[in-house]
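Below is one structure, written out as structure tokens; the observations come after it.
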Amino acid sequence: MSANYAVVLAAGQGTRMKSKLYKVLHPVCGKSMVEHVVGQIEKLNLQQIVTVIGYGGKQVKEVLRQRTEFAVQEEQLGTGHAVLQAEPLLGEKQGTTLIICGDTPLFTAETLTELFDYHQQQRAVATILTAIAPDPTGYGRIIRDRQGNVAKIVEQKDTTPAEAAVAEINTGVYCFDNQALFQALHQVTNDNAQHEYYLTDVIEICQKAAQKVAAFTMKDFNESMGVNDRVALSKATALMRQRINEKHMRNGVTLIDPQNTYIDSEVKIGADTVVEPGVVLKGTTIIGENCLIGAHSQLSDSLISDNVTITASVLENAQMATGSNIGPYSHLRPQAKIDERVHIGNFVEVKKAEIGADTKVGHLTYVGDATLGRQINVGCGCVFVNYDGINKHHTTVGDYSFIGSASNMVAPLRIADHAYVAAGSTITNDVAAHDMAIARGRQVNKAGYYDRYPVAKAAQQTEQAEKNSK
Ligand code: UD1
Ligand code: CA
């Protein structure tokens, strides 16, 4: 039985990126380029996937883990040499091998399936996936003979002016008869401008050995884009973003301004949710149905249920349950867990804290390392004082309690259900159920003291001036 395999080329250093980060690990919409590639070829149900790694390969392995096998290319001597490193894993096998680069993040499983089908139909030994480029600069050119058959691929640096003018380019994706591929690779030399062992030379070798070489021209050049520098990275990201945004809109999500909405590739959004301009949704964020994600909100790795309203707020690794709302200008930090129908107003920061159903934290408050029960009202300007300079401590507030404005809850602290904290208190001792705690200096009124202050004189002059002007 004939089987299918894939080799992903990911050993190149990517010098043109001018980066400490290994090229194929650069993210496009929140996911590394090589993960995009592997994610698509996984849909093809192949027998084996081998990723060729080199310098920086340890990090690539950490990202891909068990998803592929790995072959190490110690020295980056070219794409042909790279494929040869997979020989111990694949060389003996019968079947078809797909070769794809780790720096072409936009290829879809649909296009790759079309390539496999075309390769089988043509009974070819080698089939190149080609595209017509508006500007072919930098790509290998497909050189055809008078009959229109592919004769060879010429790399940019080795082109004659006539060859450079050819618009049909090598996308870097191929299907090969596996055994013919490895036989041909042993004949490739590095006699070229870059002194590299080019995979592309295999085409001419097959052709000269009277083996059938076919070419399948894909419709959309954009999908084949190779990322060699940051300019191309931004273009690939824009194309990927458009693809992601269109998918969400087709699934029933309203994006008010898709050009200015930034959604990572793994994000999920329920139908009838509206996403306003300037929103950034990152990582593993999941949003339910019928939510409103207001302009300029940023959500990372957060879990949002249905009917949630977020207004100009920042959420990181946080959760909001059904019917809750937040903002404007609030911040949920890691492990903030907001229950159903909770109201978080403006300028509130919540970190590692659970806020029970129907509780309200309306204004200018910090809740850190705390567990708040249900139906609590936290007044304006409260601080859950959690840090003694060395350790973090926890505060608990029970159901139906009331925390007056401008209070400090100094942890460790337990405030029971149905307890009342008077405004302006600094609470350092536990409060029992149905008790009221008040912890502030008593007020003293000094008769006539106003007139001793310079402000009194200024006020007098203003009052007089007002009278005179009438
Ligand atoms: C390559 C093709 C070119 C094609 C283009 C499509 C060759 C010689 N050229 O050029 O015809 O138009 O892709 O995007 O194949 N790599 C290794 N080991 C190496 C060298 C490269 O693993 O020794 C990997 C890189 O990590 C990269 C891929 O192979 O993922 C392509 O290498 P790159 O240097 O980007 O080739 P291009 O110049 O883009
Ligand atoms: Ca490339």
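Glycine is treated like the rest: Cβ placed from N, Cα and C.
Same-site candidate for acetyl-CoA binding, as annotated by TrEMBL with N386, Y387, A423, R440, chosen from S401, S405: S405.
Among the binding-site residues listed (G78, D103, N170, Y387, S405, R440), G78, D103, N170 have a CB atom closer than 6 Å to some atom of ligand 1, in sequence order.
Under DSSP, the residues of the region 'Linker' (231-251) split into helix, strand and coil as follows: 20 helix, 0 strand, 1 coil.
Taking the Cβ of K23 (UDP-N-acetyl-alpha-D-glucosamine binding site) as reference, residues of its chain lying under 8 Å away and at least six apart in sequence are, in sequence order, G12, Q13, G14, M17, M33, G102, D103, V227. Cα of H363 (active site, proton acceptor) to Cα of R333 (UDP-N-acetyl-alpha-D-glucosamine binding site): a distance of 17 Å. Listed in sequence order, G14, R16, M17, D103, G138 are the same-chain residues at least 6 apart in sequence whose CB falls under 8 Å from the CB of N228 (Mg(2+) binding site).
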